[in-house]
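A short worksheet on the structure shown next.
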């Protein structure tokens, strides 16, 4: 399917011309207010847009499009309404693109024919018998008459086109003011266009049948069952124009007097030719939907005819009858009740369409949301199962990993109460980290540094539990490790330090605690049979809490080859109590 522009005089279609030079935009079928504005702008007679109806971008102003990038398609604003149409060409070519010139030629020829009979009769009455008797004068007189008639027809056709264009521009500006403007224009140009009225009425009555100039035929008032919306739409165009006129602010104007149209109809002997007066009398009644001024008669003394709209029901009953002349104010007053009825019919018509489309859209949205909700529930259930599995693994890891005996205690239980026996060593409790790194020296070793973590705790027994874990400062590789217990002799300051080291050495050190300082020395040392040499023979330790609240430890050592020499010094910062 090739997308084409729905405007009457537009030949743009998809694929024609350069790419993105012309874009196509669908009619807003779901927005009744905008759709009415689009239809009024397009002004196509007896036509209803579908979902395959489009308008090209040449019928919109530049400010009707949203600002986008150059490589993106044009996007209309939500309030955009088409306004660029060649309405003069449309009015003259309403019958079709190929018949425009033929219709204009037929109208001009009809006007010449209408005046040729009268001019011939007047010429025959004033012509001398001598000239009629001369056979050579007849061809010359015919040529003179034809030249005169053609000279008159040319300015009349131009004048008619100009008047139609002015009337159409007035209707485009405001539907309500267009009525008064057209009436004033018809009164001001009554005498100038009196001759053209009969010819144009005769042509429209012959070619149009029962369809008037506004494009509203009698089929609109007697639609079939499937064309109810089309019928109500045509009624709404009348309702909207009348309602718009009523809602405009009242401007003091001179009242328009009711004037009767003179019916000087003289029966003609010829059945094929129609005079100007007869053509006016037999022209179809003015449309009840759009008020258009009637052309005055040829007689210079005849007053200009007024606008003659009728209600829709009266127009249906009197199909070929003359319209009763009414003023603009009477039209507005008489149509006020009809406007409400037509508005209600139109709202029902469009609401029924919208309700169906809205129900379909809502149904699709509900199904889409249900699908999304279902997928979310599945994700939540999967997440819950994963959380349960992770919780089970975590519980299992907690049961398996028991770094300290205190971890066996329930976390909900309160910490155990300290035994009064170990109260003098309470300043050593807590978790300590070396800050700065510890330093190690010995005559047989290169100086080195290390990081160390110390845990000293109690479980309510008359002793303290300790562990010393050292690491390489750069690689964090585990190094020396030892753990054990610190006991106090009740009611004394005597302390015993029992330690087991990963080097295969077990030692017992004893000493005394004085305030916040503990000094101990090795009492007995045991080692495994395959321990490395040189063997340790004596160890001394000194713990103290300095003024900054940091714990210091100094270790001295004597081996089989070296006397007692300071080996380690480290300062700890308390991390947890």
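Glycine residues also receive a Cβ, built from the backbone N, Cα and C atoms like all the rest.
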According to Swiss-Prot, which stretch among 227-230, 231-234, 235-238 corresponds to the feature motif 'HCFC1-binding motif (HBM)'?
235-238
Phosphoserine: annotated position in Swiss-Prot, out of 116, 239, 351, 457:
239
Swiss-Prot annotation phosphoserine: which of 163, 407, 556 has it?
163
Between the binding-site residues 444, 567, whose Cβ has more other Cβ atoms within 10 Å than any of the rest?
567
Could you check what DSSP calls residue 444 (heme b binding site) once collapsed to helix, strand or coil?
coil
